[in-house]
Amino acid sequence: MRKSGNQLLRVLGLVFGVAAVVGSVIGQGILRTPGIVAEATGSASVIIAIWVTGALIAIVSASAFAELGAAIPRAGGVYAFIYRAFGERLAVLAAFTLLLTFIATISILALVTGEFMLRLGIGGGAWSEVELGVGVIALFALLNALGTRTTGGTQILFSALKGAMLVGLIVALFSGPPIETVAEPQAELLRAGWLPLGTALLVVIGTYNGWWDVVFYGEEIENPGKQIPRAVFGGIIGVAVIYLLVNLAMLHVMTPDTMAGSNLVAADAAGIVFGERADYLLTLFGVLSVGAIGNLSTMTSSRLVYALARAQVLPELLAHVDKRGTPMPAMLFTVIAAALIILAGGYNQLLSMGVSINQGVTVLAILAVIGLRRAEPDLERPFRTPWYPWTIVLAAALNTVLMVIFIVQDPFYGFSGFVVVGSAWVLYVFVLKRRALLEPTEEDSRWRLPN
């Protein structure tokens, strides 16, 4: 396997790791989801309980990724874990799934950022949302081309600003006059039934998605054996605290019934204290939060493309790294593909197809903990999943249930995703066999860990 003259640079620290988790998780969901949860419960105490449960589920799943990320700090993250545990073929299948989802996500995030910019008056009416979306992707490319250290610093700044705006909203809401509340009769706590509560929990779980991005930077994070677990858990706990405070702050000025009738509950809550400025401030938050996720998704996807090219799954040209540690061809491949998807208009379909099968990849990555414990019991594991194997079994079961729910909710796109990715995988395996490339050396099959 030939390598580029430059390598990824180990220049990212714990602060970046936490920022990556916070930045990739916190988005528009926290502005809308509290209203959905309130509608399902009608109870302040159950609202808080559901948000706490969502955080605990995220932590249970994250324990698997923390163990794998600390033991196998490789670019490409999940691809590397599954490769090591189950072999190249399953790893490539997982990687194709992730790549499909990542690039479609970048396209949608860029479009949404463009829509928020139009609401702020940026573009002067001369640019359409599609043109602005492509322009936003060009901005992602520029930020990612500045070098790993600078790009990481930019992401830290974005995440800090995002958190600061939410903290400002929390403080402002708690500073407002409290709403009069009445005691909640116990019989009313589950008035909507278990099905709506399950739906509310599913939506809350969705607001925690994105915490695993940090494992894709295993070759760039300093002391990954310690810092990756700290970043994963620290980031999730930080997000959970912010989410709980946002909900408590909303409940300070609104009743659950009032929250339940709102399509954008954060806007209504902010309107109580900010008046007409609330819409502008939330739109500004939208540009920052969605744009930050898009920028990080571009960075993450570039590492996956780089890892695939280094393994000769994609053209080896994409494995080149410049002197500032940026996998430049991989990054350009990512942004060009995302821009083309915007222009073609197929982003919603691609993302819909990727949801269910992406959840399947999560299950496979979690099971990789068990696979590696059996295959490589002597592998150095700086972090070990507590209460193994029950934590892993629980995480795999929970995520399998989520995958089934996603398929049932949208069976056409759910099964279409498996067909599309499976077809690409079959073609890949066929081509590899014809070209006799699926013959990894012993070193390649075990992927010697970087120092």
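Residue numbers in this text run from 1 along the chain shown.
Glycine residues also receive a Cβ, built from the backbone N, Cα and C atoms like all the rest.
Keep in mind it's a predicted model, so treat the numbers as computed, not measured.
According to TrEMBL:
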{"type": "TRANSMEM", "residues": "12-31", "note": "transmembrane segment"}
{"type": "TRANSMEM", "residues": "43-69", "note": "transmembrane segment"}
{"type": "TRANSMEM", "residues": "90-112", "note": "transmembrane segment"}
{"type": "TRANSMEM", "residues": "124-144", "note": "transmembrane segment"}
{"type": "TRANSMEM", "residues": "156-174", "note": "transmembrane segment"}
{"type": "TRANSMEM", "residues": "194-211", "note": "transmembrane segment"}
{"type": "TRANSMEM", "residues": "232-254", "note": "transmembrane segment"}
{"type": "TRANSMEM", "residues": "280-309", "note": "transmembrane segment"}
{"type": "TRANSMEM", "residues": "330-350", "note": "transmembrane segment"}
{"type": "TRANSMEM", "residues": "356-375", "note": "transmembrane segment"}
{"type": "TRANSMEM", "residues": "387-407", "note": "transmembrane segment"}
{"type": "TRANSMEM", "residues": "413-432", "note": "transmembrane segment"}
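Most Cβ pairs under 8 Å to the transmembrane segment (232-254), among the stretches 43-69, 124-144, 330-350, 356-375, 387-407, belong to 43-69. Taking residue pairs at least 6 apart in sequence, the transmembrane segment (356-375) and the transmembrane segment (413-432) share three or more C-beta contacts under 8 angstroms. Cβ atoms under 8 Å from those of the transmembrane segment (90-112) belong to residues 28, 76, 78-80, 82-83, 129-130, 133-134, 136-137, 140, 286, 290-291, 293-294, 297-298, 300-301, 304-305, 307-308, 313, 334-335, 337-339, 341-342, 347-348, 350-351, 353-355, 357-358, 360-361, 364-365, 417, 420-422, 424-425, 428-429 of the same chain, restricted to positions at least 6 beyond its ends. Taking Cβ pairs closer than 8 Å, the transmembrane segment (12-31) reaches residues 112, 148-149, 152-153, 155-156, 158-160, 162-163, 166, 203, 206-211, 213-214, 217, 220-222, 227-228, 230-232, 234-236, 238-239, 242-243, 246, 264-267, 282, 285-286, 289-290, 292-293, 296-297, 300 in its own chain, all 6 or more past its ends. Between the transmembrane segment (387-407) and the transmembrane segment (280-309), fewer than three CB pairs separated by 6 or more residues in sequence fall under 8 Å, so the two stretches do not touch. Nonlocal intrachain contacts for the transmembrane segment (280-309), taken as residues 6+ away from its ends with a CB within less than 8 angstroms of a stretch CB, comprise 8, 20, 23-24, 26-28, 31, 74-77, 79-80, 92, 95, 98-99, 102-103, 105-106, 109-110, 112-113, 116-117, 119-120, 136-137, 139-141, 143-144, 151, 154-155, 158-159, 161-162, 165-166, 210, 213, 216-217, 220, 264, 266-267, 270, 274, 315-319, 321, 326-327, 329-331, 333-335, 338. Annotation: stretch 43-69 has the most Cβ pairs under 8 Å to the transmembrane segment (194-211), among 43-69, 124-144, 156-174.
Long-range contacts of the transmembrane segment (43-69) within the same chain: residues 34, 37, 77-78, 81, 181, 184, 188-191, 197, 200-201, 204-205, 207-208, 211-212, 214-215, 218, 224, 228-229, 232-233, 236-237, 239-240, 243-244, 247-248, 251, 256, 362, 365-366, 368-369, 372, 381, 383-386, 391-392, 394-395, 398-399, each at least 6 residues beyond the stretch ends and with a Cβ under 8 Å from a Cβ of the stretch.
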